[in-house]
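**Q** Relevant sequence annotations retrieved from TrEMBL are reproduced here:
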{"type": "DOMAIN", "residues": "5-193", "note": "domain 'UmuC'"}
{"type": "BINDING", "residues": "9, 110", "note": "Mg(2+) binding site"}
{"type": "SITE", "residues": "14", "note": "site 'Substrate discrimination'"}
{"type": "ACT_SITE", "residues": "111", "note": "active site"}
Ligand code: TTP
Ligand code: CA
């Protein structure tokens, strides 16, 4: 039987929770901000509700800029532990609607895949009923909305859920998958980043249809075998990766002291490189991937400060770890004047590698 997969994505998640908690926010622009240790002026937007988005406010934008776009918006600080509690409740609802406990895969705090092939017996009308039931259950129990995408694989389901938002449902049958993807710009293809988008643009490839009809060998010659093949398949709506929960484990980290307290970049970055090597070798031995990177600095006055980054998907790549760790370390150097005493690096949100290559291994 051909698979039927559901992707659920909560709408403006953090801001929706804040609205639910404080009914007086209803109808107002709400912006949830991650304030840095420099206070309100240094923060970035975590998310905002759709009213705030009308003014052009976007995730990752400096809060200051967001405020200038809509001075009447309500700005609230992130309450991550609380959102995680809500997420856990939502995930339980979602999991209970999958074919089995194992036919469920949480991919972020507010998104998950469910394999419902058995429950709907491959029938898309039944699948849509299940999708509507999930939306109803989430709304009545958690008082927040979600958008649902249904399709023959994870790629199509994921792209379908973002097609109608907020509070939408989009069902793409196997025979409609190609037509659904075709007119979209390539950047909408799940898994394509800015660098790839730019490269494709140079090659004259703008829509997913352009990419699907491009010569596979040409793509391979430009992007290498894995990625070239993946681009061709994804653009054609093909994705065979299974819905499979990756069990979260703890974290992997290393810390070390500098030879003496210092702000010397060569010294700091060369120690950081050693720590990255250690962490990556543990990551490889344990056959896990990570989704967030944290850098810690202990200053000469023993004050400890950390900076983290959540990546858009799980990786086990040294280059990506190194790039993110170095950027975080540069921020520390720019923001502080004090000497560093110890530095540390940690990866978490670990997931076991499934053996099968995922979209993002390419
Ligand atoms: P998203 O699902 O990307 O966004 P969203 O749920 O706020 O809005 P949408 O309706 O478009 O799905 O992210 C989920 C949550 O993750 C979001 O509510 C806040 C958090 N987040 C950040 O903290 N920083 C970011 O840059 C992004 C993109 C999300
Ligand atoms: Ca979301």
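The backbone N, Cα and C atoms fix where each Cβ goes, glycine too.
All annotation found in TrEMBL is predicted automatically rather than curated by experts.
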**Q** Look at the recorded positions 9, 110, 111 and tell me which residue has the greatest number of other C-beta atoms within 10 angstroms of its C-beta.
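**A** Ranked by Cβ atoms within 10 Å, first place goes to 110.
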**Q** If I take the alpha carbons of residue 111 (active site) and residue 9 (Mg(2+) binding site), what is the distance between them in whole Å?
**A** 5
**Q** Summarise the model's confidence over the domain 'UmuC' (5-193) as a mean pLDDT value.
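**A** Mean pLDDT, the domain 'UmuC' (5-193): 95.
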**Q** Measure from the CA atom of residue 110 (Mg(2+) binding site) to the CA atom of residue 14 (site 'Substrate discrimination') and give the result in Å, rounded to a whole number.
**A** 9
